[in-house]
Amino acid sequence: MAASKFAAFLADIKARKQCGRPIEVFVSEYTWKSSLKAENYILYDINAKFQPGSMTLILGAPGCGKSSLLKAIAGVFRLGNIQGYVAFNGVKTTKMQSVLQETLEFAHACRNNFPNFDSTEGTAAIIDMLGLLGCQNTFVGDDFIRGVSGGQRRRVTLGEMLTGQCPLLLLDEYTTGLDTTVATDITQKLRTMCNTLKYSVVTALLQPPPEVFELFDNVLILAEGNMAYFGPRTKAVDYFESLGFKLPSNTDDADFLQEVSTVFGQRYAVKPSVPVTGLDFHKAFRQSPVWTDLNLTPSVKNEVHVVGTKSTSQKVLPGENTGGQPVVDLPSPAQLSYFRVVRMVFQRQLKLVLRDRQFNMVRVGQSLFTGLVIGSLFGRLGYGAANVPGKVGLIFLTILTTSVITLANIAYTIQIRSVFLKQSVFHMYPAWAYAAAESIIELIAGAIQVFLFTITTYWMCQFSDVENGSRYGVYYLLVFLNSLAITQCFKFIAASVATAVGGLIFGAATLFILVIFSGFAIQGPAFPSYLTWIYDINPGSWAFWGLVINEYKSSLPEYDMPHPLSRMRMGDYFIRYFGVDTDDKYISWGIGYLVFCYFFIAIATAFGYKFIRHAKKYPPKKKVEHGLMKSATLVSQQQISFTPSTVSFHSLHYTKTFPKSKNGPSKSVELLSDIHGFFAPGTMTALMGTSGAGKSTLMDVLAGRKNSGKIKGTIAVNGQPLTKAMQKQFGYVEQYHLHCLTANIKEALTFSAYLRLADTKNANELNQATLKILELEKNSDTRISLLSNEQSKRVTIGVELVANPAVLFLDEPTSGLDVHAAKVVLDAVERISKSGRTVICTIHQPSFVLFEVFDALLLLHSGGKMVYFGPLNRGQAVVDYFQAVPGVRALHLKENPATYMLDVLAANPTIDFTSLYWSSDLCKRNLNLSGAHESSNESKNLDANVTGNTSTKYKAGDISPSRSVPYSTQLLYLGQCTARKYWRTVEYSFGRVLIAVFLAIIFVVLFQGNDKIEYTAQVQSQLSLVFIAPLFMGVIAVITGLPVVDAERMVFFRERSSGMYATFPYSLVYALVEIPYVIVNSVVFCTIFYFMLGLDPSPQASGWFYLYYILYNLFATYLGQLLVVVLPDLRTAIVATAGVNSFFSLFAGFFIHKDKIPSAWSFMYWASPLHYAAEGMLATQFLDKHTSIFVGSKRAILSPVNTTIAEFTLEQFGGGLSLDNKVTNIFILVLIIIVTRILIFLGQQYLSFVTR
């Protein structure tokens, strides 16, 4: 990382005057209360001044208010109960707001709209500054897409903030996940930026190494929201020593300052009376000479001047520190091109969409395939009266299919909304630009999808082909505009709701309203007068009107001929039959109205993005108990049976094959090269190395977690080759927290213990000890979703500790933790190690105190090559090894050995440390030992030599028995966990009951039941409703369950990899837990729907209806689980939902009768579960009723000859219904449900979309 490149970039923008003017930040008596309760302060009486060119470090324990203070300065709080103010160059936030926002919007959103500004040059300099060369074209990645590493991802976030050349940079824990060398290098470049451009940096860090700490000018220390110290970094330690504390010789200054103002800092006290509480420290500081010397008053006048003409005027702020020049020396935002802003956001969003090829293929393929299937089904439709119901049904199906497929926008929009919200805080671009860009992208995608769908269905299904195809143009335009309006409606929902579950429930309900009020199932004139406004404003009804009129007003001879009875035009008769006006003007009106709806909802979406925010929930803040920390004692590990295990590996290679790119073939990259070593019981080994050296990769390989790539070499446990059964002895603490978020801490630990311990008699005691040692006892009843990052980290570790592993792997266990929490974690891990366990950790930025805990070190260099494996001896061994290399500098006084060795690797690129290691005596010794550990004949003696600190005796080759927990136990604890999760997921469990009540009431209101059926129109409406009810409720059951199952998918992969349970009991539990909810939901819906609609009240008919509905709803719920299991992500599953349900409804015999389905597709009629449910419901409801009824409606009798309810029903379905099949249909539905569950199990067992 060449510092000169970034320095040259800074000098260049300074010379061009493109950096803006310095800003002085003044915080005066800033107090924020989280509620109206007295003494419930998040920040209390904060006073500070951050001058141009300065770097200030904020330290404090978790929950002390570091992040809150940064947000207060940034002005992102939307909450009340705030006193005091933040001023910029003497102007309070209320006056400064417009100027600051204009500056940020200009610098970030418009990406440096300076004359002659080279954005490519600036981006390249920042990439170089952040050490991201070589991965600039790599995906950032997420849980499913493998991208840059966690540390690199954090640097990308930092880079986003640096690109805007903003005079004030607020950074929250930007070094987390970075090794000391990289963190120091980045901080040094920030120091250069402050010196060159007079920018100000204010940052909060958790474990700043000494090399980083020394680069700051000032330190601000918070204690429980109170300011314990603010002033020069060099005077901070002296100040606290004046209060009666003493810095130990083996403790870094930053570690001391981080802890001294907390309850754990009392061990540094050397006087009997020292400050204890945060308020004590606050009072002591206000009375100290340091406070007096600060002179915390604004350095500039409180003035705002307006310059320029009316069209280009802007506010500018004079300041003494800038020679009276304006703080903002930039072109007016009024001169910025709105088109350019939208274009930049659009280009970024378009790249994201185009890169998701899998999802795009699903969308395009489904539209084309569905269109071809429907075209082949309805291909024999003609223009006669007998085909009118089928053709109009196809029009409705077209509206339904192109609407349902857009539901995927809700989940995806909510998924990426967090990125927009982060960037909107810093005004990178306005909300309207983001909404506009998204709308344009969906317009393009929708145009393609609708074209592929309609080009096949229209011409294959024999719609009107006269007038040179112009009728198709109108048909396409109406379907496209309706789909676009519905898509934008879902975008608005996604911009407004808090979660994907709530969004999909609300979206499904909205879709139901739009479709049911379209005029097909219930004709327009039949709606109650007080609800006709919904019908009138519904985009779907305008599209339905226009499509029906467009078809039957065409000049086909079959439509122009007169009706034999009414003598009106046949086409007009068909139009009026469905309650639609025959005036052509409704087509143009419909097009205009759909365009209006699209723009109106798009504007509403922009307002939603701008103004709607959902506050994050936090657990109630508990009062801190002050006093000396009591040491926690872990349960005697010897009480729990285990076999100490030595993990040895030799000639280990790992190769990953990357798919071919546009410019070349696929390539294989060796990520680990000839690695050897052994990890012995009773020892802690640190895996360290430069960024991208393969630390986590090696850990994954050794733990057996890799599911891709090629592994060569040998891995043995106690001399025996590694097997799946042995992996159950391993505990693996992942870097990221993957838990059931509705569980509390105690439940998470109990779940892990009882499913992974061979002997659970001490499980409760072990759980309590683990809670105590990780200092989670007081929060044990807090749900994981409410925990902070560092608390979640401790829970992740605790879940593995309670499993009593013989070998414990930890991936960056101290990353994201403060100094004290890191000590707590490693102390706990050290106790585990001393009990005879084998512990391996990857670790970044260890302080000297943390580094000396480890017994051995395996150090990797770029390319996955070894440069050191051997003992640490409190760091002295590795220092001696490197100092013996010619040309390598000596260790500086008080320098951390962990920092030293990484700095040596980075500072000496010409030295081949790998070759030096392979030629060393240390390597020869390691090769002998690692090879010997793979020999069962020598294991006993060698292990005795290496693990002399453990008293546990074992025989060579011993392996712990497989921790196979009985299925009954797995079912018990999985059932308890899942039942709690469903009960606590109120949005899903009770939300679907509420939506069932709501939709049932809508059905009842729209069709008021009449005990006396006299007309075929009444029967037709009941037939439609009986079919549509399970269809729509099934779609809702599928959609609403998708995000719930998807949210647990990553948790399932982690827990199964850890050997907590087998796939079968997990799959069975998720089948059983849904049954009571489905039954309750179904009974509630059917009770309202069935009896209030005037259906057959007899116990026999109603009983069959209830049974069929429950079974189909259960199938639909399981179908949602299946789609999540077999598809890679949530939005693909939602898109697939539209296609699958379209096929089920299409082949159910309602839209196209059984006898009219082409023979090539007849198997789909028998494969559609909806066919069996619909036939059972309709047959038991209507086929045993032989009451004579009129043909037509109350308004018009269409035939002098009457018919019966049963005859009319059979005629409507082409004889495809039979009352004799009512029992058979039940058995077939049960069989389909069983097959679905089997497919879910097989998918969970063998499919994984997570690549490691």
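Just so you know, glycine gets a Cβ as well, placed from its N, Cα and C.
Just so you know, TrEMBL annotations are computer predictions that nobody has curated.
Feature annotation from TrEMBL assigns domain 'ABC transporter' to 25-249 (among others).
Residues or ranges marked as transmembrane segment in TrEMBL: 367-386 (among others).
As annotated by TrEMBL, transmembrane segment applies to 392-412 (among others).
Sequence annotations record features per position, and here TrEMBL assigns transmembrane segment to 432-460 (among others).
The transmembrane segment feature in TrEMBL is assigned to 472-490 (among others). Beyond its flanks by at least six residues, the transmembrane segment (472-490) meets 398-399, 402-403, 406-407, 409-410, 413, 439, 442-443, 446-447, 449-451, 453-455, 458-459, 463, 507, 510-511, 514, 539-540, 542-543, 546-547, 550-551, 587, 590-591, 594-595, 597-598, 601-602, 605 of its own chain at Cβ-Cβ distances under 8 Å.
Annotated transmembrane segment per TrEMBL: 497-522 (among others), in sequence order.
What TrEMBL lists as transmembrane segment is 586-612 (among others). Remote same-chain partners of the transmembrane segment (586-612), defined as residues 6 or more beyond its termini with a Cβ less than 8 Å from a stretch Cβ, comprise 420, 424, 430-432, 434-436, 438-439, 474, 477-478, 481-482, 484-485, 488-489, 491-492, 495-496, 539, 542-543, 545-546, 549-550, 580.
For 647-887 (among others), the entry in TrEMBL reads domain 'ABC transporter'.
Outside the transmembrane segment (990-1007), and at least 6 residues removed from its termini, the chain residues within Cβ reach (under 8 Å) are 501-502, 505, 508-509, 512-513, 516, 522, 526-528, 531, 1021-1022, 1025, 1029, 1032-1033, 1036-1037, 1040, 1077, 1080-1082, 1084-1085, 1088-1089, 1092-1093. Sequence annotations record features per position, and here TrEMBL assigns transmembrane segment to 990-1007 (among others).
Marked as transmembrane segment by TrEMBL: 1027-1047 (among others). Outside the transmembrane segment (1027-1047), and at least 6 residues removed from its termini, the chain residues within Cβ reach (under 8 Å) are 404, 407, 411, 499-501, 504-505, 507-509, 512, 515-516, 521, 741, 985, 988, 991-992, 995-996, 999, 1003, 1070, 1074, 1078, 1085, 1089, 1108-1109, 1112-1113, 1115-1117, 1119-1121, 1123-1125, 1129-1130, 1133-1134, 1137, 1140-1141, 1144-1145, 1148, 1150, 1170, 1173-1174, 1177-1178.
Long-range contacts of the transmembrane segment (1068-1093) within the same chain: residues 971, 974-975, 978-979, 982, 989, 992-993, 996-997, 999-1001, 1003-1004, 1007, 1009, 1022, 1025, 1029, 1033, 1037, 1041, 1045, 1102, 1105-1106, 1109-1110, 1113-1114, 1117-1118, 1121, 1237, 1240, each at least 6 residues beyond the stretch ends and with a Cβ under 8 Å from a Cβ of the stretch. The annotation transmembrane segment is assigned in TrEMBL to 1068-1093 (among others).
The transmembrane segment annotation in TrEMBL covers 1105-1126 (among others).
The transmembrane segment feature in TrEMBL is assigned to 1133-1152 (among others). Residues 359, 362-363, 366, 369-370, 373-374, 377-378, 390, 393-394, 397, 400-401, 404-405, 407-408, 410-411, 504, 1027, 1031, 1034-1035, 1038-1039, 1042, 1046, 1119-1120, 1123-1124, 1127, 1161, 1164-1165, 1167-1171, 1174-1175, 1213-1214, 1216-1217 of the same chain lie 6+ residues outside the transmembrane segment (1133-1152) yet bring a C-beta within less than 8 angstroms of a C-beta in it.
The transmembrane segment feature in TrEMBL is assigned to 1223-1242 (among others).
Remark: the transmembrane segment (367-386) makes no contact with the transmembrane segment (497-522), by the rule of 3 or more CB pairs under 8 A. Below 8 angstroms of C-beta separation, residues 363, 366-367, 370, 374, 378, 381, 442, 446, 449-450, 453-454, 457, 461, 479, 482-483, 486-487, 490-491, 493-494, 500, 503-504, 507-508, 511, 514-515, 518, 520-521, 540, 543-544, 547-548, 551, 574, 578, 1035, 1039, 1042-1043, 1130-1132, 1134-1135, 1137-1139, 1141-1142, 1145-1146, 1150-1152 of the same chain, each at least six residues beyond the ends of the transmembrane segment (392-412), sit close to that stretch.
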